[in-house]
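Here's what Swiss-Prot has on this protein:
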{"type": "DOMAIN", "residues": "121-183", "note": "domain 'CBS 1'"}
{"type": "DOMAIN", "residues": "184-240", "note": "domain 'CBS 2'"}
{"type": "BINDING", "residues": "D277, S278, S279, G327, M328, G329", "note": "NAD(+) binding site"}
{"type": "BINDING", "residues": "G329, G331, C334, E511, G512", "note": "K(+) binding site"}
{"type": "BINDING", "residues": "S332, D367, G368, G369, G390, S391, Q452", "note": "IMP binding site"}
{"type": "ACT_SITE", "residues": "C334", "note": "active site, thioimidate intermediate"}
{"type": "ACT_SITE", "residues": "R440", "note": "active site, proton acceptor"}
{"type": "REGION", "residues": "506-527", "note": "region 'Disordered'"}
{"type": "COMPBIAS", "residues": "518-527", "note": "compositional bias 'Basic and acidic residues'"}
Amino acid sequence: MVEILDYTKALEVLKEYPSGDGLHVDTLLDSDNHGALTYNDFLILPGSITFSAADVSLDTKVTRRFTIKAPLLSSPMDTVTEHNMAIHMALLGGLGVIHNNCPPDDQAEMVRKVKRYENGFILDPVVLSPSTTVAEAKELKTKWNFGGFPVTEKGTLHSKLLGIVTSRDIQFHKTPEDPVTAVMSTDLVTAPAGTTLAEANEVLRSSKKGKLPIVDKDGLLVSLLSRSDLMKNIHYPLASKLPSKQLLCAAAISTHDADKVRLQKLVDAGLDIVVVDSSQGNSMYQIAMIKWIKSTFPDIDIIAGNIVTREQAAALIAAGADGLRIGMGSGSACITQEVMAVGRPQAASVRSVSAFAARFGVPTIADGGVQNLGHIVKGLALGASAVMMGSLLAGTTESPGEYYVSNEGQLVKAFRGMGSIAVMEDKGKSGGGKNAGASRYFSENDKVKVAQGVAGSVVDRGSITQYVPYLVAGIQHSLQDIGVQDLEALHTGVNNGQVRFEMRSASAQTEGNVHGLHSHEKKLYSS
């Protein structure tokens, strides 16, 4: 008969057990015993809840220098991230990586749009001259997706301020050939150079103007402040911004020498982080490119990859990488593992590379294999600082391309892997030059293109302004269940064995999903 113990001694009796319930992460991922695992093959065991989900911080480093407030990145794929996605990912606390399957000038223009979108003091505003026509002002409004352009004597910064042309001034003006001086507002509220951002915000707040020009003692325009940016600061408190209040922006380049010119254009446009994009990151080409970037642009942080082993990581860290991108063949539109017989299951990859990179203070990004919110949490638990998403974001409003109705009657958007034949043979986006898909997979000179990806479609997910907050809230609740209040505590708990894991059999995976119902509706979130 089992002895019934004093219930008040339960916590003391628990200490008699040699280890916590479940498995240590190293036991979980011991591939010698049970093969390498991926996200569906395990669960994280719950801990103790002593705080609210709202108190969970998701601040994380994506490179040695840059920290974001939501551990989420959008992939540099031509059906996922252009300037609209990059802007909204940054506003929501993450980071968008603009793809490079386009001419360098087009990519630089996208970077420029991100950097202009939200600012404190706008140090390089779009300035009009007295000879600019109303029609030209309308074209600029369409191009930049904002209005309120200062007009100066020379049409440049550091020139005498004459007025401001607002959207209302030009919207219904019937003679487009008129100069903007005929419609501009001259009743201006300005602030003197040297005004602090807080003081300037207060002047703008108390005025009824949309823009606040900052002028020097001679009345020359030196910068601009926007009321719409104040509203963005209220609506997007997690925004990934620099001290200058500009949004953080990343963009991809290939390992080819020709992209050195591309990178110069991106840097001139204001780029913060460059992602050296390759399907197999441990190459002489990428190592040479990293070293060149470090010597030429020391203020630009480099995310290198993709890799799946410690050996690959060591080579890129030694070359100077500031962050690592993990994943090979695990993406939803990727067939590298099937075709090349090269790669690694994503859970094993993330743990191996992240544990090694952490010893050098290099953050890692789990890229690929993410099918749902739970996979994001598992990637973070295995040591990644952030998770990169492709197909999860491809169906959102902010991704490139138009919606269409599938044969099944669903609203979908096109999505294609960068290793697909559709991308490798697409000369349109690349401007007839080198193709980013072929470059990524070292196939640009091949007579026979071997696909390492597929093209397809993904179901409409709505706007990321709703979807990303759902992901953020879900990660916070998950960390609350695990019993850790931030990502550093999660990583520490996993490493010291306090955060435990359990493997899942096929039956366990079935049990952990919806089962036994006649029918159901799977609505993931409401807002």
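Backbone N, Cα and C atoms are what each Cβ position is placed from, and that goes for glycine too.
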- Task: Determine how many residues of the domain 'CBS 1' (121-183) DSSP places in helix, in strand and in coil.
- Result: 19 helix, 14 strand, 30 coil
- E511 (K(+) binding site) -> DSSP, reduced to three states, gives helix
- Item | Separation of alpha carbons, G390 (IMP binding site) and S279 (NAD(+) binding site) (Å) | 15
- Alpha-carbon spacing, G329 (NAD(+) binding site) to G390 (IMP binding site), which is rounded to whole Å: 13
- Query: Of all the binding-site residues given, G369, G390, which residue's CB has the most CB neighbours within 10 A?
  - Reply: G390
- Message: From the DSSP assignment alone, can you count helix, strand and coil residues within the region 'Disordered' (506-527)?
- Response: 6 helix, 0 strand, 16 coil
- Item | Most Cβ neighbours inside 10 Å, all chains, among the binding-site residues D367, E511 | D367
- Distance [Cα-Cα, Å, rounded] between C334 (K(+) binding site) and M328 (NAD(+) binding site): 8
- Item | Rounded distance in angstrom between the Cα atoms of D277 (NAD(+) binding site) and S391 (IMP binding site) | 18
- Message: Counting across all protein chains present, how many other Cβ atoms fall within 10 Å of the Cβ of D277 (NAD(+) binding site)?
- Response: 29
- Out of M328, C334, which of the binding-site residues has the smallest number of neighbouring Cβ atoms within 10 Å? C334
